[in-house]
Amino acid sequence: MDFSTIINFDSFSQLVPLVRGSIVAGIILGVLAGLIGPMIHARDLAFAVHGTSELSFAGAAVALFFGASVTNGAVIGSLVAALILGLLGVKAAERNASIGIMLPFGMGIGVLFLSLYKGRSSNKFGLLTGQIVAVDTTELRTLITVALFVAVCLGIIWRPLLFASVDPEAAKARGVPMRFLSIVFMLLLGLTTAMAVQLVGALLVLSLLITPTAAAAKVTAHPLAMSLLSIAFATVSAVGGILLSLGPGLPISPYVTTVSFLIYLVCLGLGTLRQRHGWSRRII
């Protein structure tokens, strides 16, 4: 196999100006994923992200079939999943069982409506693997609006949410509104997931929402440092994936996931060195 079919920078300088909107979208999604990632990690919601992404995919597929906005369909699907999971609260057993039910249901509905859709096959493929190269001004404005809304809401509930995530029993005893925080956070997660699906697709959304924070957790335990590293890792993964995919003209998602995975491997190596040499603290 010719390696240039995977990595190719021959026309890089000519192609970059054509995807400026996509790069901006990648940066925004990277920041958004990095902000919410540490809370996903603290609340052990990686599986919930996967389940939410499948209902987001189902909503987008239904919208595509009926000729409606794919973004709006993805958001509606994500919010429905998030509301269901948020109402279940913090009990992992109940939550995981519900996710296990929703995940195949969402995938099945999505596949059904994609099969019924008679339009361009690239539209179908984009729902699974991402389609940020085709982002237009309206979608970019929607992404910016959602990102600002999620960031502001996270800033408002950050402290009680972190307390409830780290020590739920103590938080409940202190009168922290656990159910309310759970619902609000899951709705914010649903919005973020719907936006992330637009970049890497429903099948690979974990690479943007989970892997960067998992990498950051290998080198730091400080909440602020973890958030900053998560933002940096997610942004590099998103933008790096977009840039690497330009020359070959291949889907973005494999590049995003590869960059994200390589970052994780580096952080895993650093964390392993810390443990092997008996360092008492994380690197940061």
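Cβ from N, Cα, C; glycine included.
Heads up, TrEMBL stuff is auto-annotated, nobody curated it.
On a predicted model such as this, the values are computed, not experimentally measured, just so you know.
Same-chain residues lying 6 or more positions outside the transmembrane segment (18-36) and placing a CB less than 8 Å from one of its CB atoms are 132-133, 135-137, 139-140, 143-144, 146-147, 150-151, 154, 188-189, 192, 195-196, 198-199, 208-209, 212-213, 227-239, 241-243, 246. Taken from TrEMBL, the feature transmembrane segment applies to 18-36 (among others).
The transmembrane segment annotation in TrEMBL covers 57-85 (among others).
Remote same-chain partners of the transmembrane segment (97-117), defined as residues 6 or more beyond its termini with a Cβ less than 8 Å from a stretch Cβ, comprise 47-48, 50-51, 54-58, 60-62, 64-65, 77, 81, 84-85, 88, 123-124, 127, 202. Annotation source TrEMBL lists transmembrane segment at 97-117 (among others).
Residues of the same chain lying 6 or more positions beyond the ends of the transmembrane segment (138-158) and with a Cβ under 8 Å from any Cβ of it are 21, 24-25, 28-29, 31-32, 35-36, 39, 71, 75, 181, 184-185, 188, 191-192, 194-195, 198. Residues annotated as transmembrane segment in TrEMBL: 138-158 (among others).
A Cβ distance under 8 Å defines the sequence-distant neighbours of the transmembrane segment (178-211), meaning residues of its chain 6+ beyond its ends; these are 25-26, 29-30, 32-33, 36-37, 39-41, 43, 45-46, 48-50, 52-54, 56-57, 59-60, 71, 74-75, 77-83, 85-90, 110, 126-132, 135, 139, 143, 146-147, 149-150, 153-154, 157, 160-161, 164, 168, 171-172, 233-234, 237-238, 241, 252-253, 256-257, 260-261, 263-264. Among the features that TrEMBL reports, transmembrane segment is placed at 178-211 (among others).
Annotated transmembrane segment per TrEMBL: 223-246 (among others), in sequence order.
Away from its own ends, the transmembrane segment (252-273) comes close to residues 129-130, 132-133, 199-201, 203-204, 207-208, 211-212, 214-216, 218-219, 233-234, 236-238, 240-242, 244-245, 282-283 of its chain (Cβ-Cβ under 8 Å, at least six residues beyond either end). Residues annotated as transmembrane segment in TrEMBL: 252-273 (among others).
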